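J.: Per Swiss-Prot, ATP binding site is recorded for 42, 43, 44, 45, 46, 47, 48, 49, and the stated evidence type is sequence analysis. Swiss-Prot lists 146, 164, 173, 209 with the feature [4Fe-4S] cluster binding site, giving sequence analysis as the kind of evidence. Sequence annotations record features per position, and here Swiss-Prot assigns compositional bias 'Polar residues' to 853-863. Taken from Swiss-Prot, the feature domain 'Helicase ATP-binding' applies to 7-284. The phosphothreonine feature in Swiss-Prot is assigned to 855. Positions annotated as region 'Disordered' by Swiss-Prot: 844-864. Sequence annotations record features per position, and here Swiss-Prot assigns motif 'DEAH box' to 233-236.
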């Protein structure tokens, strides 16, 4: 495999890298080498994933070699004379040793992406590289990995998760019980790179649970964020992810149904039916627990009833403190929330069993309440000022809900107002409500990630531009940034702004014009004329579903729909998840016909966000308008207000209007990225809205698109565009090689029927120039995994605990960080480039974590899993009036230490420090024993405190505890 020297690192690449790939890999290596953060944009089709893997693994391999040489050198060093040699001689060696304490081993690389299918594609790319000898383990959710037939019969992610927890807790899952005895089986520990399907097959063959087997392997390799490189691929929506996963909603009907469920459980207990269902097995909760919880929920319901909504249509906004006041009235506090969440989880498991024997809900409302408490009380008390600035509570009137309640009326059942009564209830507080707890600061979550002392964070995607607003919102220091051009030549892409249709009617999809019949007709005629010219697949993206439906209805009535259908069959993006797969299969089948097909979809939909329309599947894309967020949407209004209130010259945040415009353009960039998927692809991009010529809109498009539009883009007349477009495809078909049949004839095997998030691009392995190897179609071997693209929710349990350190007035210590981030991630962990089966060998990890009730013992959730906490550096008051602080410089630290202790003590300290590098827990205990023996006296205890920064992350909590007990 060819080797290229990039930024001083030898990188093995499957072929000679293109200039854009070299530039990209240079930026990645600079980030890893310097321990800085990067924001890197490289258009889809430029080999971004392959470049990420090869550059990061090449740096890891080089770093590993350097580390091994250092270890050999230190092992040969003779420290028998520590304390008795030439002045300063031994100190320099010890200083070097302590200097490497901040980086005891080779940093790991966590490669994270949005969906399971994207991670599967990354694993396929890894198999193509010279770094494919890495052992691997795939970490997926239960949807992908569970093989228990009864659990898999459950509908919904939450039900599957809870049923799995129940069976593990009750020891009725034979697959999970075999994991411990077979976790070291060669099929699991071998060097072969496994994807999700491979792991499932191994689990079925060994009759063990793939889900828990993969987590055993993860625990064996101690995944921690300290000194780790985090690469977030497909990060174009990272701000929204940070905001949405820190937000939560609870409805009056949810509270009412929770009360009803508790009442039903109490009745079952009272009647003795629970004994019939569970036999003599003791319950995890008592009637007193149920009574207390019901009283608290009744108080919460009363508190929600008392909230006055001034505007029953748009709702009313309150400060974030209102949520804590509301829960406080029901006695939900920081002191008892953990025990309440634990009780809720036990009730969910109880209802799962009960629902199999009687008609009863499975505890979904308990899960909702648990999510609410987990997210709201994840914001620690000492950072409330930042919480109040970053969050808002917005209360809406809940329509047509039936359930528990006290109101009566002709159109009411169980207390909830029916449709038509909301307006009349505006002046009343006792109506069903929706309580939204919204986060508007994405930097709130990113700051927590940085405070874990990761070595680097790299955000990358095909559509990140413009970069400055993204960096400003995330509030992370960025040393490396890149906007790559596309890998294709100018002649392979045709980009034009179409301002008028064939009838010279202006094309502008703004609010004032979208209902204009002349505009709708002109847009249809434009699509008809383009469909006559474009070969194979034509994609048409609309700003919204209502606009799509409006155009379809008008064209069907006027006959335009039939005219377009005569040229190419038309497919509409279905809103139903179940219909999506069949629709896509039919579209790909139509592409195989000579006429091709038209696919009409919406920006931000499944098609625009994830699918791959390479080669014949997508020869042109039409953008019919700018998909601005709903202007009157309460969340949009509050986001704009937040930006205006917090914008300063220093933080360079966008104004509310700039953010509003950018949100639309980013959705356009993502839709455009469905075509031009590789080096030999070609296609046309037609922007059918005259507003695209505005400088403010052009500057927000991806850099490679701006290059085709020029400095001062103008709307082109329709006639010349038709002639140019016809000539473009004539030249392209003559000069570009035909796509391989494997790229167009493959079925859509990676599309899931129950998609939650937009589908990932259908992975295709291309034959690159300079390579004689022939690769099988990725689609032909695509993995069929149920819900492979769904994204599990998570709760940011430690946002504020990390971010709040600055609010306390003290900057966080450089080495004071958590060992784990409680958030949903998908990752590949690159630890080592050897195929050794020894404990020091590396591991590749792909995993996604899901939100689940945070209390079950086997759960990976926050309450049960969190083992570490952020702590401030221990402060010890010396006997003197002026507090002493250990020197920051290593050499100065050692000189002062040697001046304070005896020669024998200093020699023992030096030897213990060197042995500590072996990484065993026993060596830490030996070092602690010497430290406590030598430095526990009040006059020198400040030196003991100063040693904390040189300890490994996993030992700091015990160090704090033992020093705190002095």
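Note: Cβ is positioned from N, Cα and C throughout, glycine not excepted.
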J.: Using a Cβ cut-off of under 8 Å, list the residues of the same chain at least 6 residues beyond the motif 'DEAH box' (233-236) that approach it.
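T.: Contacts with the motif 'DEAH box' (233-236): 48-49, 52, 111-114, 118, 122, 459-464, 666, 669-670.
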J.: State which of the following binding-site residues has the fewest other Cβ atoms within 10 Å around its Cβ: 146, 164, 173.
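T.: Minimum Cβ neighbour count within 10 Å, taken over the binding-site residues 146, 164, 173, occurs at 173.
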J.: List, in sequence order, the residues of the same chain other than 146, 164, 173, 209 whose Cβ lies within 8 Å of the centroid of the Cβ atoms of the recorded [4Fe-4S] cluster site.
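T.: Once 146, 164, 173, 209 are set aside, the remaining close residues are 142, 147, 148, 151, 167, 168, 175, 176, 211, 212.
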J.: Just to confirm: which same-chain residues, 6+ apart in sequence, have a Cβ under 8 Å from the Cβ of residue 49 (ATP binding site)?
T.: 121, 122, 125, 233
J.: Other residues near the ATP site, CB within 8 A of the CB centroid of 42, 43, 44, 45, 46, 47, 48, 49?
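T.: What remains near the Cβ centre is 51, 462, 484, 487.
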J.: In sequence order, what residues of the same chain, 6+ apart, have a Cβ less than 8 Å from the Cβ of residue 46 (ATP binding site)?
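T.: Those within reach of residue 46 (ATP binding site), by Cβ under 8 Å and sequence separation of 6 or more, are 18, 20, 21, 24, 462, 484, 486, 487.
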J.: Mind checking how the motif 'DEAH box' (233-236) divides into helix, strand and coil residues in DSSP?
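T.: Result for the motif 'DEAH box' (233-236), in helix, strand, coil order: 0 helix, 0 strand, 4 coil.
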J.: What is the separation, in Å, between the Cα atoms of residue 209 ([4Fe-4S] cluster binding site) and residue 48 (ATP binding site)?
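T.: With the alpha carbons as reference points, the distance is 34 Å.
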J.: List every residue in the same chain as residue 45 (ATP binding site), at least 6 positions away in sequence, whose Cβ is under 8 Å from its Cβ.
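T.: Residues satisfying the criterion: 462, 486, 487, 488, 614, 676, 677, 678, 679, 681.
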J.: Work out how many Å separate residue 47 (ATP binding site) and residue 146 ([4Fe-4S] cluster binding site) at their Cα atoms, rounded off.
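T.: About 33 Å separates the two Cα atoms.
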